[in-house]
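Input: a single structure, listed below in structure tokens.
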């Protein structure tokens, strides 16, 4: 009789990333969040292709035009109907009525506004748009200047989503550096760093953002202001990560593997970057994924208040700035579409971050699952129920 050699899975030697992926797949909300975020980021990267037209293309005769509905027929194929306009005699507002006699044929991979894909490849192909360039086409309606809201929403996604990634990357470097120094050296250095962190965390975030944003020169261009807002968000967002890293370093610096490396003559930087940080890298990844929504909300809030990015830059916060007037929103509710996009992306990122956290910390995930499990489904609950039934003669 021959003994079969155990496979890698049976031997329990799966690499850590495989174990994390296995745990992550069991988190249904995290998988749903990933299913939302991956297409959203893909569309944001290739925004010029997916947007029907440029973010600055305007039709001044179609201000606050309602969304058009796609139709299909054998004669015209995919198309939308145009609008007839009239002025309300009492409010002087422009009213739109769908006119089936005005047909705008719609096609896929059509020629439209010229652009450079990823800033490198010149093209004028758009995924969807009017067959005849320049014809009205507003699937999500238009804004106060007659610009297509869907196109501006897609272009704004690139700015809003990238500012979250860039801001988190900068705060990650600050948090790792300052938190690592505080936790590794301890003593007086730790006291000074923690007092500074507590001081920054005690300041209300939104008023501090507003004060720093108001200090930016008004003559800065969109790109310069974009990087300035990113730096401002990063200067405040590093404190939470720094405290987490500091706590990890305090618990790890006396561990056997760190002591062995120190006795072996390994330098401090090597101990930190080759031994200590990799031991909780998965926790850092989960923390970063949960920090990105805060960055996106910060940029959206500042731009909504007029203190962040400003026109001609396009972001979700800039688009929401046009929906501050209650009367305008009542007549053109489609202007709130960027707010819906922010809510969906932030919720999806939180679900995704929860899944990463559970995958990175399997013991914590197991304990949370036990807490969420109903009492009668736990082993202890079943034993207690059996004891009660025996005592009562049931």
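We count from 1, first residue shown onward.
Just so it is clear, glycine is given a Cβ too, placed from its N, Cα and C backbone atoms.
The transmembrane segment annotation in TrEMBL covers 29-51, 159-185, 197-217, 223-241, 277-296, 332-352. The domain 'ABC transmembrane type-1' annotation in TrEMBL covers 157-353.
Among the stretches 159-185, 197-217, 223-241, 277-296, 332-352, the one making the largest number of Cβ pairs under 8 Å with the transmembrane segment (29-51) is 332-352.
Same-chain neighbours of the transmembrane segment (223-241): 159, 163, 166-168, 170-172, 174-176, 178-179, 197, 200-201, 205, 208-209, 212-213, 216, 284, 287-288, 291, 294-295, 298-299, 302, 308-310, 313, counting only residues six or more beyond its ends whose CB sits under 8 Å from a CB of the stretch.
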